Amino acid sequence: MKKTLKIVKVGGKLIEDENKLQAFLSDFSELEGLKILVHGGGNMATEIASKLGYETKMIDGRRITDANSLKVIIMTYAGLINKRIVAKLQALDVNSLGLCGADGRSIISKKREVKEIDYGYVGDIEVVNSDFISSILEQGVVPVFSAISCTREGELLNTNGDSVAAEIAKALSEKYNTELYYCFEKKGVLANSMDENSVIKTLDKKMYQDLLDQKAITDGMLPKLLNCFGALENGVKKIFLGDARVITENANATEIVK
Ligand SMILES: Nc1ncnc2c1ncn2[C@@H]1O[C@H](COP(=O)(O)OP(=O)(O)O)[C@@H](O)[C@H]1O
Ligand SMILES: CC(=O)N[C@@H](CCC(=O)OP(=O)(O)O)C(=O)O
């Protein structure tokens, strides 16, 4: 029988608040079984870029990444945020290993082709090295991924954190029963973005399409849900979206179903 593997993505707005980050990591440290953490950090990168005089441009929840923003992103995601999270997990007695896509050739991507929009140094994931990742897991070590992938030619690329989590979950579904949890600043997917309590408990593809038609899904929720439905169709067993507590208590969150 396959073991269960939980892949948890935590968004940038939760990790930039020290108290929220600590509470989340404490809950994460108590999760039983095999687990992987993927973190974002978009807000912090925007803030640091601005201090350096670089302007940030986002389209539909995705960052337009020029050469300067790429440098900021590598330093912020793979450096500051990733290493801080790993150190905090060590203090919580979770032996963890911080990675970006170049480490262990774990996430190989291709630079996104320019169509209507030039996203710049942004990667679309081609291969996840599931043998390498499972070899870490089987040693009892928890991989912590930043939202950076790497091309076969050795170029680091900014990669949406939600996509990193979904692609890891899909690739590891051959070896494990995978469950995907997206933790962000709302309680779940909202039917009405003005009403924090309009959480949709169960979201299927038909309802998703209706919400898209009504323009009730915008910004960062667009890549999140696109990734969720892609993951569900590619072997991922359970998917929940909610606030930081969704990993321990998912009754009030959104479950994605076919
Ligand atoms: N229908 C919706 N339900 C919930 N959030 C939504 C919805 N539509 C747009 N959003 C926005 O999407 C954001 C989540 O995406 P994002 O900011 O990228 O999160 P994270 O950085 O945590 O991954 C929410 O904070 C909210 O502003
Ligand atoms: C290409 C792209 O959009 N990459 C994202 C990666 C970080 C991320 O996903 O961070 P959050 O989870 O905090 O939103 C970005 O640079 O914003």
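If you go along the chain as it appears here, the first residue is 1 and each next one adds 1.
Even glycines carry a Cβ here, placed using N, Cα and C.
For reference, TrEMBL has these:
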DOMAIN    6-241  domain 'Aspartate/glutamate/uridylate kinase'
SITE      LYS9  site 'Transition state stabilizer'
BINDING   GLY41, GLY42, ARG63, ASN158  substrate binding site
SITE      LYS224  site 'Transition state stabilizer'
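The structure, with features from TrEMBL marked on it.
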residue: LYS9; record: site 'Transition state stabilizer'; CB count, 10 Å: 27
residue: GLY41; record: substrate binding site; CB count, 10 Å: 25
residue: GLY42; record: substrate binding site; CB count, 10 Å: 24
residue: ARG63; record: substrate binding site; CB count, 10 Å: 23
residue: ASN158; record: substrate binding site; CB count, 10 Å: 27
residue: LYS224; record: site 'Transition state stabilizer'; CB count, 10 Å: 24
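In the three-state DSSP assignment, the secondary structure recorded for GLY42 (substrate binding site) is helix. Comparing Cα positions, LYS224 (site 'Transition state stabilizer') lies closest to LYS9 out of the recorded positions LYS9, GLY42, ARG63. On the backbone, the CA of GLY41 (substrate binding site) and the CA of LYS9 (site 'Transition state stabilizer') stand 11 Å apart. A distance of 18 Å separates the Cα atom of ARG63 (substrate binding site) from that of LYS9 (site 'Transition state stabilizer'). Of all residue pairs in the substrate-binding list (GLY41, GLY42, ARG63, ASN158), the one with the greatest Cα separation is 12 Å apart.
Among the recorded positions LYS9, GLY41, GLY42, ARG63, ASN158, residues whose Cβ is positioned under 6 Å from ligand 2 are identified as GLY41, GLY42, ARG63, ASN158. For the recorded site, ASN158 (substrate binding site), the DSSP three-state label reads strand. Taking the centroid of the Cβ atoms of GLY41, GLY42, ARG63, ASN158 as the substrate site, the other same-chain residues with Cβ within 8 Å of it are GLY12, GLY40, ALA45, THR46, THR65, ILE73, THR76, TYR77, ALA147, ASN160, GLY161. Across the structure, GLY42 (substrate binding site) and LYS9 (site 'Transition state stabilizer') place their CA atoms 13 angstrom apart.
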